[in-house]
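Participant: This is the structure I want to talk about, given as structure tokens.
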Amino acid sequence: MKMASVLPLLIIIVLSKVTTGHEVENSSKFPLVVSTWPFLEAVRAGWRAINGGLSSVDAVVEGCSACELLRCDGTVGPGGSPDENGESTIDALIMNGATMEVGAVAAMRYVKDGIKAARLVMLYTEHTMLAGDQASAFAISMGLPGPSNLSSTESMEKWAKWKENQCQPNFRKNVLPTNSCGPYHLKKDLYVGDKTCLVDNFCENFRMKSSHVDFHNHDTISMAIFDKSGHIAVGTSTNGASFKIPGRVGDGPIAGSSAYADDEVGACGATGDGDIMMRFLPCYQVVESMRLGMEPRRAAKDAISRIAKKFPNFVGAVFAVDKNGTHAGACYGWTFQYSVRSPGMDDVEVFTVYP
């Protein structure tokens, strides 16, 4: 898979005309819906819910559920991103920025409603996350439909073509055989110590390895909704990266990575190479930077640049929204779009951020 070209990090926000280096302020602040990507129907669903008087948490559920039902880009909800075994699984998160409560499910099988399952964890347990088959069992016991087959004709065809291509590309490393579907075994004579690499070029290859993530195999809906009083909730849903190793959990259900919210400060949503991004908690970084006085544009750029410095071939993006409704975005390795609906808009508007 060809990696997107790596360009200097710039922030350019576009809406009918180009405005460079400035955040976009909403003349009528709230309610406000912001989402990764041009998931227009999802944003409209969230807007109808929040404008109709639902809480920000319930509105996020409505918005993300719409994306799951529509199978946005094939990477949200059931029916996409098969793992090595051809199975689709769900990661999802919801966070209440007023109470800092979080509910999440990870590597959930057999249940289609990721965001609703995450809300059940938040509302009816004292836990933050449930994972795997036990997350599925909990969700079903609490009334969600299941067990269901999360695969689709499209996902199984995609998986079959990948198998025909000797399971390439995949997420294995330092194993043999290198160009097959396994079974795999450990590569001998490999040791990585503190700043020491005993295999030729291993450190350089580790840092420069092309990402397997792009528009076609991994997206996340990450949505932030402010109610009329400025209370915030965020939510995410994804079926993860195509051909992931079974059991893999990405950044989607990790609070502070895929999304984060605090009524006192603002919110953030993220998308991209979750295996890399979750190591940096970019949305937590964005919110904390805004807490310290950074404008959203600078906070978003700073969070992304921290990752790019360590992993120059990663792809990812964030949007940042402060408590006043000012929003901005930053990206690296690809062109990013995020969607907004506010009282001053006739419909959802899409903002483009260039790397």
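Backbone N, Cα and C define each Cβ position, glycine as well.
Unlike curated entries, TrEMBL annotations are predicted automatically.
The following feature annotations were taken from TrEMBL:
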- Thr220: active site, nucleophile (ACT_SITE)
- Arg248, Val249, Gly250, Asp251, Thr271, Gly272, Asp273, Gly274: substrate binding site (BINDING)
- 1-21: signal peptide (SIGNAL)
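Provide an account of the burial state, proximal residues and distances for the features listed.
Facilitator: For Thr220 (active site, nucleophile), other Cβ atoms within 10 Å of its Cβ number 31.
Counting only same-chain residues six or more apart in sequence, the Cβ atoms lying under 8 angstroms from the Cβ of Gly250 (substrate binding site) belong to Asp91, Thr220, Thr238, Gly240, Ala241, Lys244, Ser258, Gly274, Asp275, Met278.
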